[in-house]
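Participant: Just dropping this structure here.
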Amino acid sequence: MRLALSAGVGGVHQGAWRRPDSRTEDWGTPELIISLARETEAARFDAFFLSDVSSPNRALTRVQAPYLYFEPLLAAVAIARATSRIGVIATASTTFHEPYNLARQVATLDHLSGGRAGWNAVTSSIGEQNFGRRPWPDHAGRYERAAEFIDVVEQLWDSWEQDALVHDRASGVFADIDKIHTIDHEGPHFAVAGPLNVRRTPQGRPVIVQAGSSPAGRDLAARHANMVFTAQQDLAEAQEFYRDLKARAASYGRPGTDIAILPGVSPIIGDSAADAKAIQESLLDLVDEATATARLADQLGGIDLTGIGFNEPIPLERLPAAADVERRRSRFQIFADLARNERWTVRRLVGLEVASYGHWRLVGTAEQVADELERWFLAGGADGFIVMPPYQDALTRFFARVVPILQDRGVFRREYTGRTLRDHLGVTYPQNRWAS
Ligand SMILES: Cc1cc2nc3c(=O)[nH]c(=O)nc-3n(C[C@H](O)[C@H](O)[C@H](O)COP(=O)(O)O)c2cc1C
């Protein structure tokens with residue numbers, strides 16, 4: 001077993017844009033994203049992951065870099081055409097899309113990339129202000145819609161059997177129409193007749209990735225996903241998540257090997273442990289306190305942090321119950337647990353939010369970082385990782401310093417052996433539900 005690695009580049013992290021090596025001027029240009037994807041492919045990663053929110057930060061400020069995201073499916077096409085082996089995963093929300101269009105777009109990406117497409121199905125926790133005519137569903141409602149959405153998408157991807165096209169010039173038979181299926185779906189959220197107008201894709205079905213770690217999110221992943229993106233703070237939690245998700249998958253008749261679980265990791269790699277710590281501190285120095293505190297308040301379910309000193313813990317009565325948090329519930333849980341159980345100060349919590357917005361932080365030498373990744377992998381905490389650089393150059397350092405160590409230890413590939421994202425992840429090709 002080898003670990004799976006994906007690069008997760010989404011936006012510019014708070015404060016880090018001020019570093020001299022940030023390439024901040026290039027954010028939001030095709031050159032940067034394509035050069036990063038090529039670098040990631042040269043490091044033999046499984047996938048390049050385009051996370052997404054569909055709108056800029058809620059409150060734009062003079063000091064904070066706004067989320068600048070290309071529309072991920074379009075960006076994924078450009079990346080796919082500029083690379084040849086790496087998987088390309090695009091985030092698209094089940095709350096803001098329609099399943100027919102999305103199924104068609106991702107199927108198209110799978111064809112255009114030669115079987116390297118992945119779709120990160122998210123329910124979204126922000127962005128509703130740009131889709132204002134529809135009511136914004138609550139957490140449970142978003143997951144109900146997501147479940148039906150993904151079910152429709154999978155049916156559409158199956159609507160063409162592999163050998164539906166006959167092309168028999170002599171007899172004049174173009175297609176075996178018994179192998180092209182309508183879906184005639186009628187559900188609470190969607191009415192979709194089908195079939196798709198895109199033939200079956202190289203992967204049969206493109207890889208579904210799921211991000212959202214509450215029980216409802218886990219259940220959705222267990223039923224449909226081949227890859228799960230999660231935020232985990234320590235090994236014990238990661239192992240619990242890992243066991244739970246694989247058990248849920250088993251309850252749907254799916255082998256655990258069919259779902260790769262990848263926690264996000266935000267690495268800071270120094271020449272020495274002290275150097276890495278110094279980089280970490282310097283990132284915190286670049287942050288605007290007021291903006292950072294507002295973001296922390298948001299992660300904590302929108303609570304009021306006024307009157308609490310930067311070096312004080314948060315009074316427990318200010319923390320809401322998880323069930324009352326309608327946006328990122330599982331992320332709220334991470335920050336609330338640290339505030340409640342570990343009594344972290346505002347400053348420490350802000351440090352986590354700034355560096356990795358709640359993802360696992362790894363700060364040390366390349367050896368130390370490689371050791372920790374390997375430890376989680378061997379201890380059943382992860383099948384791999386989504387490497388999310390806290391600043392631009394951190395990714396390049398990871399490629400140059402950590403990847404060779406993992407390769408020398410035999411836990412990461414030196415060369416691609418497969419052609420598709422499913423091959424890279426080692427997950428099975430789905431059987432078409434109509435195939436006999
Ligand atoms: C690791 C992780 C990554 C996520 N990435 C995105 C993203 O790129 N875009 C997005 O709109 N939502 C993203 N989400 C949010 C989920 O779609 C979901 O709206 C939110 O997490 C609430 O679900 P949960 O309580 O099950 O985590 C992510 C969630 C997690 C846990």
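Heads up, the Cβ atoms here are built off N, Cα and C, so glycines get one too.
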Participant: Can you find which of D46, D52, D258 TrEMBL lists as binding FMN at the same site as T91, H139, Y143, S213, S214?
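Facilitator: Record check against TrEMBL: FMN site with T91, H139, Y143, S213, S214, extra candidate from D46, D52, D258 is D52.
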Participant: Counting across all protein chains present, how many other Cβ atoms fall within 10 Å of the Cβ of H139 (FMN binding site)?
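Facilitator: If we count other Cβ atoms within 10 Å of H139 (FMN binding site), we arrive at 19.
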Participant: Based on DSSP, name the secondary structure state of H139 (FMN binding site): helix, strand or coil.
Facilitator: helix
Participant: Looking only at Cβ atoms, how many others are within 10 Å of the one on S214 (FMN binding site)?
Facilitator: 20
Participant: What's the number of neighbouring CB atoms sitting within 10 A of the CB on Y143 (FMN binding site)?
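Facilitator: Excluding its own Cβ, the number within 10 Å is 21.
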Participant: Averaged over the domain 'Luciferase-like' (28-380), what pLDDT does the prediction give?
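Facilitator: Mean pLDDT for the domain 'Luciferase-like' (28-380): 93.
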